[in-house]
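A.B. asks: Take this structure first; my questions come after.
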Amino acid sequence: MDIHSAVLAIDQGTTSTRAILFDHQAREITSAHQEFNQYYPRDGWVEHDPEDLWRTTLRSIERVLQGPSARHTRVVAMGITNQRETTLVWDRETGKPVYNAIVWQDRRTASECERLRQQVPEHEIQSRSGLLIDPYFSATKIAWILDNIEGARARAERGELLFGTVDTWLIWKLTGGAVHATDATNASRTNLYNIHRGEWDDDLLQIFRVPKAMLPEVRDCAADFGTTLPSLTCRQEIPICGVAGDQQAAAIGQCCFAKGEVKATYGTGCFVLLNTGSEPILSTQRLLTTIAWQLDGQVAYALEGSIFIAGAAVQWLRDELGIIRSAAETEVLARRLSSNKGVYMVPAFTGLGVPWWRPDARAAIVGLTRGAGKAELARAALEAVCYQTSDLFAAMEAEGLRPTSLRVDGGMVANNWMLQFLADVLDTEVLRPAILETTALGVAYLAGRKAGLYGDFEQFDALWHCTAEFVPAMDNSLRQQLLGEWARAVQRVTL
Ligand SMILES: Nc1ncnc2c1ncn2[C@@H]1O[C@H](COP(=O)(O)OP(=O)(O)O)[C@@H](O)[C@H]1O
Ligand SMILES: O=P(O)(O)OC[C@H](O)CO
């Protein structure tokens, strides 16, 4: 029996960890997936147990590699993609985390960000890191751990503690503590990395009070990140050679290789990335400037719009209100109504991201009448995701970069009603590709490219094809009316 080369992609996300094995033509062979606990110790706090992130990764790898479909494959490369910004600090000697992972959604540093905003002109930050002052990014989360765990700051200054985003934590664990590294895309989400010079920025480290000694080395997205210990990965020594933040990996998996191409991933949150080519564009509209990928030392940049709550609003209807049994039911309910009956949901459960940046805002449902029921709420949750995307598109348009079509992926894009409504409010074509596991595919591509299994961007581009196209069909006056009513609903939570 022939043995075929394969690439193993790990996608460590906010609610679950996946491992997917891809063959030499980037086709999925098999996958495994494990959910883990979310911890909400206080209002606005969100944590993960670092051991859960590690255990679910190991378990997913084992299930894939021990499954029957992997029997005739040799894994020549591993790629790691991850929820971004989520912050871990651990002991260099023992490998033990000093605190739980503080998740990207966590708002505990909102008052510290407010204090910083009074002291430092936001432009000073944005012109270096491309980001703004917000609890979303890693910098204030690191400082919180150093200030709140006894002795942590002094130990970090002595080089005894290490910081990492989830990629760095998993690389460290998989290599038995031999490699402490990250890639340029993950570094670009910390607020400590200078995206123009391609290095940790001493001024930012001083502003956010983070000791340099604890930071990982930053490498290309397709690079040598060490090899796994065979005892951890089913007796195989696998080179880790592709790393990228999950939204950047999705942009690669969606083949947004040309300037102007844009993708949106609708999962827990929604993240829109617009490829801006080799020049970073500093936004005047409070969009984020971020590294899309770094290959052979060459950086491609993107403008990003981050929406903190998308599918999570649907989960809220299911788990907290109990008015639907499954996420898919929202489609049936939304279709049942001929209009939204004036009901709008602003899902600011964890504040609002681009373009408002209001960590203090909280969610609201407006326009309820006595006749409103679960259909109106389900429809309002789906519509909200589309209106927020429209606000991002308006911000991109104001930068002179209005997208002409949108490539979509993520769990929510199973919802055809939502995608048609999205095309309608954006007045833009929405394209859903055949392969929806774009995040894992993107990082598999990076790792496979480094291992010599896959070719260049052009070869990969040929694999992308669209299987569902949603064409705008809404009357412009109705679009304007809906967007106006949405804007008034947002005002109610941001005043
Ligand atoms: N048919 C559907 N309609 C609306 N929302 C959906 C549908 N199917 C899944 N979702 C939502 O998509 C999200 C899951 O997407 P996924 O990409 O797996 O998320 P993540 O990677 O952030 O964990 C959940 O929040 C779920 O509520
Ligand atoms: O884990 P996801 O897919 O919800 O993505 C999280 C983002 O990377 C946060 O910036």
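The backbone N, Cα and C atoms fix where each Cβ goes, and this holds for glycine too.
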A.B. asks: Looking at TrEMBL, Arg84, Glu85, Asp246, Gln247 are annotated for glycerol. Which of Tyr39, Tyr136, Tyr193 sits in that same site?
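C.D. replies: Given Arg84, Glu85, Asp246, Gln247 bind glycerol in TrEMBL, the matching entry from Tyr39, Tyr136, Tyr193 is Tyr136.
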A.B. asks: According to TrEMBL, Thr14, Thr15, Ser16, Thr268, Gly311, Gln315 bind ATP; which of Gly159, Gly164, Gly176, Gly411 is also listed for that site?
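C.D. replies: TrEMBL names Gly411 for this ATP site.
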A.B. asks: Could you measure between Gln247 (glycerol binding site) and Tyr136 (sn-glycerol 3-phosphate binding site) for me? Cα positions, answer in whole angstrom.
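C.D. replies: Checking the Cα atoms of Gln247 (glycerol binding site) and Tyr136 (sn-glycerol 3-phosphate binding site) gives a distance of 15 Å.
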A.B. asks: Select, from Arg18, Arg84, Glu85, Tyr136, each of the binding-site residues with a Cβ positioned under 6 A from at least one atom of ligand 1; if none does, say none.
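C.D. replies: Cβ under 6 Å from ligand 1: none.
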A.B. asks: With H, G and I counted as helix, E and B as strand and the rest as coil, say where DSSP puts Arg18 (ADP binding site).
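C.D. replies: Note: Arg18 (ADP binding site) is in a strand by DSSP.
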A.B. asks: I'd like the number of other C-beta atoms within 10 A of the C-beta of Thr14 (ATP binding site), please.
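C.D. replies: Within a 10 Å radius of the Cβ of Thr14 (ATP binding site) lie 21 other Cβ atoms.
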A.B. asks: Other residues near the ATP site, CB within 8 A of the CB centroid of Thr14, Thr15, Ser16, Thr268, Gly311, Gln315, Gly411?
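C.D. replies: Checked against the 8 Å cutoff, the neighbours are Gly13, Gly267, Ala312.
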A.B. asks: Tell me whether Arg84 (sn-glycerol 3-phosphate binding site) sits in a helix, a strand or coil according to DSSP.
C.D. replies: coil
A.B. asks: Which whole-number value in Å describes the distance between the Cα atoms of Thr15 (ATP binding site) and Arg84 (sn-glycerol 3-phosphate binding site)?
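C.D. replies: About 13 Å separate the Cα atoms of these two residues.
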A.B. asks: How does the model score the domain 'Carbohydrate kinase FGGY C-terminal' (263-449) in terms of mean pLDDT?
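C.D. replies: Overall, the domain 'Carbohydrate kinase FGGY C-terminal' (263-449) comes to a mean pLDDT of 94.
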